[in-house]
Amino acid sequence: MAVNRDSSVNSCDFVLFGTLGDLARRKLLPAMYQLDRAGLLHEDTRIVGVARSAMSQQEFLDAVQTALNTFVKESLEPDVLSRYLSRLTYYSTDFTDPSGFADLKNHLAPGSVMVNYFATPPSIYGAIGKCLKENELIQPDTRVVLEKPIGNDLASSKVINDQVAEYFEENQIYRIDHYLGKETVQNLVALRFANSLFASKWDNRTIDHVQITVAEEVGIEGRWGYFDGAGQMRDMIQNHLLQVLSLVAMDPPVNLDADSIRDEKVKVLKSLRPIDHTNVYENSVRGQYARGFLRGESVPGYLEEEGANTESDCETFVALRVDIDNWRWAGVPFYLRSGKRMPTKHSEIVVQFKNPPHNLYKDLYKELPPNKLTIRLQPHEGVEIQVMNKVPGLDSSTRLQTSKLDLSFSDTFKNARIADAYERLLLECMLGNQSLFVRRDEVEQAWTWCDSIIEAWQRSNEPPKRYPAGSWGPVASVAMITRDGRAWEE
Ligand SMILES: NC(=O)C1=CN([C@@H]2O[C@H](COP(=O)(O)OP(=O)(O)OC[C@H]3O[C@@H](n4cnc5c(N)ncnc54)[C@H](OP(=O)(O)O)[C@@H]3O)[C@@H](O)[C@H]2O)C=CC1
Ligand SMILES: O=C1O[C@H](COP(=O)(O)O)[C@@H](O)[C@H](O)[C@H]1O
């Protein structure tokens, strides 16, 4: 059943800064096409692509069509394509030159809400804000969408947030974490709060521990320049994994309003037990992939990637044991791991429940296999519950077996298309709903916690542990969880 809310999108001027860049071509322009195809763009909505290169309108349309041909999975529908292309205009300027913005208003429709998407390096967010302001292009209903990373640490994130805050109020700022746009991540909230089965069993009385794995098969995809200055901690943990953890661990929000949800998420982030030089060895593992095999093919190690600097100690894998020091989660560890060049792309949350207080089947099992709730984020999106069952039969002694209640999205919601995360996020932004976007205090709290770990790693001066590409990371990550008498879900 649909949540009752006004989903009609007002007409927007969607102004895409960095329209010729990788993100715009791979994700944003295709996502807008899909929204148009689904009838979710107002007929007056326009898309203004802004970039530095001089280019004619026709050359721009050709470039967009090439991007759509390459990155839209379905074949393009001619009538949708022509409607979509007719919404587009190209505007060329340097984003740091206010005089270059003088004509931009001629591309905007009076009465439309202006949604500015900064698909550019964060270092120029402030400069673009200044140019918009000086050209009187910022109204109270104007919005701005910011891409990650917001900074490289707490200090630099504050600088970027301060720069943007000079021109936009917090209720105008939409910070992207594309994991929040994934269907399965949104389903987490529904699963937790629309089912009494879970709502009443979601704390340290029933749950033993939680695992969150985001494994990527890809390496750094030619992005050495960016990635080597970031590493997996900043690239994935600081944002995506901590956002997922917050949704798993948060208390029930008062309602589904953006700030109600974000208030609860930030409380979780504030309750994360700090990891610093005193406890970093027990609670963290850093790894870096070496040459290995993926699907039978030899793949290069991190230090052999294009653009590589052979000295780099940058991590491509992180495993963490995280404690949440609050009433609900005291004594329940959350194990997080994320890495590049894992055997397969595979992201999931596993909630492992405690065993019943007394084992009636000790003749069969010294310890009963635990109930597990697995939320498969991607691929094969779905939810699975591991339960114990009696094996049918007239045997004199009872036999038990673990089996799975499997709610695969593709089987359950037949023919439902799983929208790309950016489609959902762009739509919500045009609707003016900030609940799937990250508030400033969340970003800064996440940085505070991650900075302490990064600092402890730097202080220890220990290089990351090597793991062969195509494996599940360094053995030290297995040792970390085994010390607690637990095991990673494989
Ligand atoms: N690509 C991805 O998958 C992801 C990207 N991001 C983030 O999104 C943002 C954009 O990334 P991406 O698309 O990969 O980057 P690109 O470098 O491919 O694109 C950035 C665009 O910004 C333009 N630009 C930069 N400076 C100026 C300027 N002063 N004036 C005018 N144009 C300028 C560039 O123009 P020109 O070509 O003329 O230099 C380019 O078109 C970054 O913050 C990145 O971290 C986040 C998640 C994933
Ligand atoms: O933000 C990022 O995410 C991708 C992984 O996203 P997914 O949707 O494919 O799971 C990651 O590869 C990239 O390094 C990072 O910047």
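All positions are counted from 1 along the displayed chain.
Backbone N, Cα and C atoms are what each Cβ position is placed from, and that goes for glycine too.
Residues or ranges marked as active site, proton acceptor in TrEMBL: His240. Among the features that TrEMBL reports, NADP(+) binding site is placed at Arg52, Asp94, Phe95, Lys148. Per TrEMBL, the feature substrate binding site maps to His178, Lys182, Glu216, Asp235, Lys340, Lys345. According to TrEMBL, the domain 'Glucose-6-phosphate dehydrogenase NAD-binding' annotation covers 15-187. Annotation comment: TrEMBL describes 190-489 as domain 'Glucose-6-phosphate dehydrogenase C-terminal'.
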For His178 (substrate binding site): DSSP state (helix, strand, coil): helix
Listed binding-site residues adjacent to ligand 1, that is, members of Arg52, Asp94, Phe95, Lys148, His178, Lys340 whose C-beta is under 6 A away: Arg52, Asp94, Phe95, Lys148
In sequence order, those binding-site residues of Arg52, Lys182, Glu216 whose CB lies under 6 Å from ligand 2: Glu216
Between Phe95 (NADP(+) binding site) and Asp235 (substrate binding site): CA-CA distance (Å): 25
Densest Cβ neighbourhood among Arg52, His178 (binding-site residues), 10 Å radius: His178
Among Arg52, Asp94, Phe95, Lys148, His240, which are recorded as recorded positions, the nearest neighbour of Lys340 (substrate binding site) by Cα: His240
Chain-internal residues near Glu216 (substrate binding site), provided their CB is under 8 angstroms and they sit 6+ positions away: Ser338, Gly339, Lys340, Arg341, Met342, Lys345
Average model confidence [pLDDT] within the domain 'Glucose-6-phosphate dehydrogenase NAD-binding' (15-187): 96
Minimum Cα separation from Phe95 (NADP(+) binding site), reported as the residue among recorded positions His178, Lys182, His240 that achieves it: His178
Among Asp94, Asp235, the most crowded of the binding-site residues [Cβ within 10 Å]: Asp235
Count of other CB atoms lying within 10 Å of the CB belonging to Lys345 (substrate binding site): 12
